[in-house]
Amino acid sequence: MQASSAAAAAACSAIKPAAHQHTVQVQEDKRGSEFRARFGTRKLSWGGKLSVENSALHQCQSLTRSIRRQKRQHSPVLQVRCYAIAGDQHESIATEFEEICKEVPQKLGAFYRFCRPHTIFGTIIGITSVSLLPMRSLDDFTMKALWGFLEALSSSLCMNIYVVGLNQLYDIQIDKVNKPSLPLASGEFSVATGAVLVLTSLIMSIAIGIRSKSAPLLCALFISFFLGSAYSVDAPLLRWKRNAFLAASCILFVRAVLVQLAFFAHMQQHVLKRPLAPTKSVVFATLFMCCFSSVIALFKDIPDIDGDRHFGVESLSVRLGPERVYWLCINILLTAYGAAILAGASSTNLCQMIITVFGHGLLAFALWQRAQHCDVENKAWITSFYMFIWKLFYAEYFLIPFVQ
């Protein structure tokens, strides 16, 4: 009996700690449930004070793995979309580049026509030829002489662009009839673009002239500016191109007098620092170019007779008729070539005499031969003949240095 009581007591004592431990476990589970309910955590399989922290870390890792799975699932789609966007951008850039490649040559071609290239070539050849006249020996060909020549040439080219550009700005309606291929008349350049080009050319020309500190060069530039503006600008007492005499006088004075005397003085007096003493070559060039410039001034109006007549420009071609003006120009040139042959024959240098006599004789013969097949009523033919006269103009400057 006593043994039974002792066994029962031992069992009770063993059950009490187990019950107590169970009670503690239940309380911890309850507190853990409340904590998880409050903070959204999940109880792990083990207890302890780090269970909450470990549970939160586990959730973060689970979220990271979930995001990675979503990325892996959507990455092919994203890559396809990125490739599509990149492809569209590449095609857009390629299209823009092709458009630019097409537009740049067109704009350059329009600018080339805007500058009136036959006048540009005349300026380059004329100034180059006249700048060589003061040179007496190879010792004169220095870097200073080259720099002075480049100052004269660059400023003159800019002034040339100003003059021809200003004329186009004021002749847009006339050029739509006479010269529809010009960029302002055809619409390739806007009026604003033309104005910017004209103003920029003027500023550059004057700036180069001022920087050179050459009185002859500045004089030539300012006179060219005044005469070029008076020729084209439609204002009271201006627009001299309406009058045949004033129009011819503007072209003659610039092409014949200014180019020969001013640029000769610039090279001899300002660059080479020598006293101004005109030579036989520069006197001959001035007189001969007076004839040639008069012909250019008269002949250029023959192809433009329709537009000039329509807009009230009283050119000599409008007043006398194109055929009479045509033969007047031919006779003036032939007379000038005859005088040039006599001037060349008076040279004491045999080589120079041969070059000037035969050179001018050959040019006169070419002019006469082509003039016999005239078709004044054909605008394309008369325009082509006008360009031929400019070629004779260029050729003359190659002969002028041999007239000594």
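Glycine residues also receive a Cβ, built from the backbone N, Cα and C atoms like all the rest.
According to Swiss-Prot, the protein carries these features:
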TRANSIT   1-81  transit peptide
TRANSMEM  114-134  transmembrane segment
TRANSMEM  146-166  transmembrane segment
TRANSMEM  190-210  transmembrane segment
TRANSMEM  217-237  transmembrane segment
TRANSMEM  244-264  transmembrane segment
TRANSMEM  282-302  transmembrane segment
TRANSMEM  325-345  transmembrane segment
TRANSMEM  348-368  transmembrane segment
TRANSMEM  380-400  transmembrane segment
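A contact between the transmembrane segment (348-368) and the transmembrane segment (380-400) is present, since 3 or more of their C-beta pairs, 6 or more residues apart, lie under 8 Å. Same-chain residues lying 6 or more positions outside the transmembrane segment (217-237) and placing a CB less than 8 Å from one of its CB atoms are 151-152, 155-156, 159, 162-163, 166-167, 169-171, 202, 205-206, 209-210, 246-247, 250, 253-254, 258-259, 262-263, 266, 270. Here the transmembrane segment (244-264) sits apart from the transmembrane segment (190-210); fewer than 3 CB pairs are under 8 Å, leaving out pairs fewer than 6 apart in sequence. The stretch with the most CB contacts under 8 Å to the transmembrane segment (146-166), chosen from 190-210, 282-302, 325-345, is 190-210.
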